[in-house]
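Colleague: Sharing a structure below in structure tokens format, with a few things to ask.
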Amino acid sequence: MAATKASTATDEPVKRTATKSPAASASGAKTGAKRTAAKSASGSPPAKRATKPAARSVKPASAPQDTTTSTIPKRKTRAAAKSAAAKAPSARGHATKPRAPKDAQHEAATDPEDALDSVEELDAEPDLDVEPGEDLDLDAADLNLDDLEDDVAPDADDDLDSGDDEDHEDLEAEAAVAPGQTADDDEEIAEPTEKDKASGDFVWDEDESEALRQARKDAELTASADSVRAYLKQIGKVALLNAEEEVELAKRIEAGLYATQLMTELSERGEKLPAAQRRDMMWICRDGDRAKNHLLEANLRLVVSLAKRYTGRGMAFLDLIQEGNLGLIRAVEKFDYTKGYKFSTYATWWIRQAITRAMADQARTIRIPVHMVEVINKLGRIQRELLQDLGREPTPEELAKEMDITPEKVLEIQQYAREPISLDQTIGDEGDSQLGDFIEDSEAVVAVDAVSFTLLQDQLQSVLDTLSEREAGVVRLRFGLTDGQPRTLDEIGQVYGVTRERIRQIESKTMSKLRHPSRSQVLRDYLD
């Protein structure tokens, strides 16, 4: 029976003859088992070839001699597979764990005829992953098992014997379900259910809740500081620029702005540039944007240094920085490098202008016009200077003299400068009282007066019930007892369809009845 094997010198198959002698049969069976393990180590499935039914007849004399195959232990078969995998690295660039299928090992150990036929089938298709020119020693069966156990992980036997795909699928299914179950368990532990709360098993720790509230309050207070710290750390990564670098970036920005303007004008006129020229113009525009961003990022620290001067005036520090950044963008767009000044000198004025304008528009609860804000700032500056010179608070006349305005105008400006405060503002170190608790409400109704007024209404109603319907109606409309709005005689006459004189007569007659002691006595107590 002939089998083919790839030659080490050439890729052409070379035929060789497999004899059926007893020694060759035993060697062939052993070689077949080792090649089966080697094929498993290289990643190809040898079990299909090893389990094929024997299609050729085998001589009876060679069968008893093949029982030497059954004396090969499983561990030695695995050791041979490990050695073969180490000597024959895969040409495909990947390596897998040595794994011998159970079916191939079982047939190699129990059926010599099938093992011999497996050797013939493997020899017929020599597709072992061996590098050309490299010899694979398949007869090296005497390996040191102690050394092999040191090299292989303790669970190598389990890996070699785990060829059942169903076990792997079960493990994968369990692994897929485990994270979800763990998450559910965590949620149940972290968040007590409504049933637990209702049953009384869940006990709320007051000390812990107070600590959490205090920690949350501290976090809110430090949130702004943390944001500023993170922002300063981020902008500090950009290196500062020298004068030459600023001029170079300014030239690139100018070229980008010019290219953008030119393309916009051509687009408005409906003209189209050639593809190559349009591509160059687009590149110049993008380069100008990159230079603009670089110049901006390198001067963000200038904005922070200027914004520090305006803290404590009604705007948060981060808001001042953002408004200053808008002024910095404006300065980058209008910077003229031909003047010979540094960019920071020019940008400072734009940053200050943006910050002061934002404070005038956003810092106050009630917005004040920008020109009045400038007057208020000037008055405050003069007031501080006079305080240092005189050692006392200046009078309105002294302020008016310095500002060249009237004292009345100074008082008016000082009224505008006042800022409203919240009635919910806390008072004291403990913060348990609010400002509104100490301010009297002059329009609030006193409880005693409210009760007295209610009793007076009841007494008036009882007295008016003793009069006729027209008389009681005229009195109610004349004195506004119903809605608090008194009516004239003409208005009452229009209501009843009579003249104003008739309404006057009814009023006079009704008042005489009300002055009778039987009616007026119950109302005299409310005159005090």
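Every residue gets a Cβ built from N, Cα and C, even glycine.
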Colleague: Which of these ranges is annotated DNA-binding region in Swiss-Prot: 469-488, 489-508, 509-528?
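Modeller: Among 469-488, 489-508, 509-528, the range Swiss-Prot annotates as DNA-binding region is 489-508.
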Colleague: For the region 'Sigma-70 factor domain-1' (225-259), which recorded stretch in the set 295-365, 374-450, 463-516 gives the largest number of Cβ pairs separated by under 8 Å?
Modeller: 295-365
Colleague: Grab the pLDDT values for the DNA-binding region (489-508) and give me their mean, rounded.
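Modeller: Mean pLDDT across the DNA-binding region (489-508) comes out at 92.
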Colleague: Under the DSSP assignment, what numbers of helix, strand and coil residues are found in the DNA-binding region (489-508)?
Modeller: 17 helix, 0 strand, 3 coil
